[in-house]
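Below you'll find the structure, written out as C-alpha cells, and then a few comments.
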Amino acid sequence: MGARASVLTGGKLDAWEKIRLRPGGRKSYKIKHLVWASRELERFALNPDLLETAEGCQQIMRQLQPSLQTGTEEIKSLYNAVATLYCVHQRIEVKDTKEALEEVEKIQKKSQEKIQQAAMDKGNSNQVSQNYPIVQNAQGQMVHQAITPRTLNAWVKVVEEKAFSPEVIPMFSALSEGATPQDLNLMLNTVGGHQAAMQMLKDTINEEAAEWDRMHPQQAGPFPPGQIREPRGSDIAGTTSSLQEQITWMTGNPPIPVGEIYKRWIILGLNKIVRMYSPVSILDIRQGPKEPFRDYVDRFFKCLRAEQASQDVKGWMTDTLLVQNANPDCKTILRALGQGASLEEMMTACQGVGGPSHKARVLAEAMSQASGAAAAIMMQRSNFKGPRRTIKCFNCGKEGHLARNCRAPRKKGCWKCGKEGHQMKDCTERQANFLGKIWPSNKGRPGNFLQNRTEPTAPPAESLGFGEEIAPSPKQEMKEKELYPSLKSLFGSDP
C-alpha cells in the first residue's frame, strides 16, 4: 500500500484531503481513494504510475471519457477521482469534486479552442497529438501509423481470457484511442473465435450505418473543387472509404471524427454481446450465508455492468437489490444504516461478517441463549417438586434447624426416654404396637401376623348323629386362648 499511497506527498496531500467528495458533504478524499484508483487502473490495464503527474492524469481522462456515457458507476467514480487529482497537481483550488469537474471541463474547452484556432491558422498541422495513429512527418504531411502488434496481442489476449465480460469494453476503448476505421476493423478481424458474437456486432454496425445515412442524406449535385464529400455510413465503417479519405476527414477543417463515430458503434454492439455472454440476471445475484460482503458486492456490480439499462435504473438496483439480496446477517446491518448509506459505509459496516471472528461471536451468543433457556427450564422443573421437607431439632423441638446448630442449652439424657446415662441410638426403650406387643418382638413372628399352629393331617371324625356337635375339650380351649391375645386393653369392656 505504501507505493500506491505515495502518489501525493506534503502540501499536495494536505490539499487532497481538504477536498470534499460531494458539495456540502462531510466526507473528504483520503489516501485510500488513491489506493482504490490505482487498483482500478490496473484492472482496466492502465498504468497506475500515470497518477503521479498532471500529464498522466490527462491521458487517463482522455481514455475514460468515451466510456462515461455507457460505463458503470465505478468508471465515473474513477474519472472523478482522476479529475480531482489533476486539479491538485495543477495547484487549482477546489472545494469538492463538482468544482474539480467544472475546472477540468473549462481547461478542456480552452485547449480545444486553441487547437481549432491553430488549425484555422496553420492548417491544423502542428497541433495533432503524437499519441494518435495519425502523425505529421518531416515534410509536414499527415501520415498514419499502423497499430503495433503488441496492441493487437493485448486485445486478442483480453478477448480470449475474458470472453466478452464487462471488462472488455473499457479495454477496447483504451487500446483503440485515436484509431481510424481501418485500425478498428483490424482489431475486430484479429478475433478468431466467438464468430456468433462478431456476427451480432456486424448487425449492430449495419443498423447504425443505416441510421447515419437516414439522418445525413447525401448532397445532390457535383462537389465544388477542393471540397471532400461527406462520409456515408459505409465510409465510417471503413468498407467504402480509403485510408487517405479517413485521414482527410479526421484532420479536416472542420474535422469529422469518423474513427470516434465508428468506435461508438462498436461499443454499442459490444454492450449487447456482453449482455448475451452474461446470462445471470442481476435479480439472481445473492449473497451466500458464509460469503464475505466484499465478494458479494464485486459479483453484484460485475453483473450490473452487463445490464442494458439507464443509469437511473441501475441506481435503483444498487439502492434496492444490493440490500435485499444480502444474507440475513448483512441485511440486518444494512437496514440499520438507513436508506442514505454510501457503498463505503456499507462495506465498512459489513466488514468481517462471515469471517472467523464473526462466526465465533455468533456462536458465543447462541450458546449463551441456549444456556439461559436451559436454566429457565431447570427452574421450571424445580417448581414441580413441591415444598421441601422441614427439619426439626431433637434438642429444643423447634423446626428450621438441626440439633448440632441449636442455640438452646444442651438437653441432658436420652432424647427418646429422657433418662440419663445413654444416648437415643443406644436407648433400649421400645414402643408397643397396636396389639400391645413390644416392637420388634424378640420371639417368633410379629404379633400382628398369624402365628404357627399345628394342623391335623387326617380329616376329623364325622358325627353319626343329626345336629350333634362334638364339644371341645377344656385343654384345647386354653390352647386357643393362648394363641390369640386379649384385646381388652384396646377396646375396653367390649365382649
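Backbone N, Cα and C define each Cβ position, glycine as well.
What Swiss-Prot lists as region 'Interaction with host CALM1' is 8-43. According to Swiss-Prot, the feature motif 'Nuclear localization signal' maps to 26-32, an assignment based on similarity to another entry. What Swiss-Prot lists as region 'Interaction with host PPIA/CYPA and NUP153' is 189-227. According to Swiss-Prot, the region 'Dimerization/Multimerization of capsid protein p24' annotation covers 277-363, on the basis of similarity to another entry. The annotation zinc finger is assigned in Swiss-Prot to 391-408, 412-429. Annotation source Swiss-Prot lists region 'Disordered' at 438-495. Here Swiss-Prot flags 456-459 as motif 'PTAP/PSAP motif'. Look at Swiss-Prot and you will find 483-490 tagged as motif 'LYPX(n)L motif'.
For the region 'Dimerization/Multimerization of capsid protein p24' (277-363), the DSSP counts in helix, strand and coil order read 56 helix, 0 strand, 31 coil. Helix, strand and coil counts from DSSP across the region 'Interaction with host CALM1' (8-43) read 22 helix, 2 strand, 12 coil. Per-residue pLDDT, averaged along the region 'Interaction with host PPIA/CYPA and NUP153' (189-227), amounts to 83 for this model.
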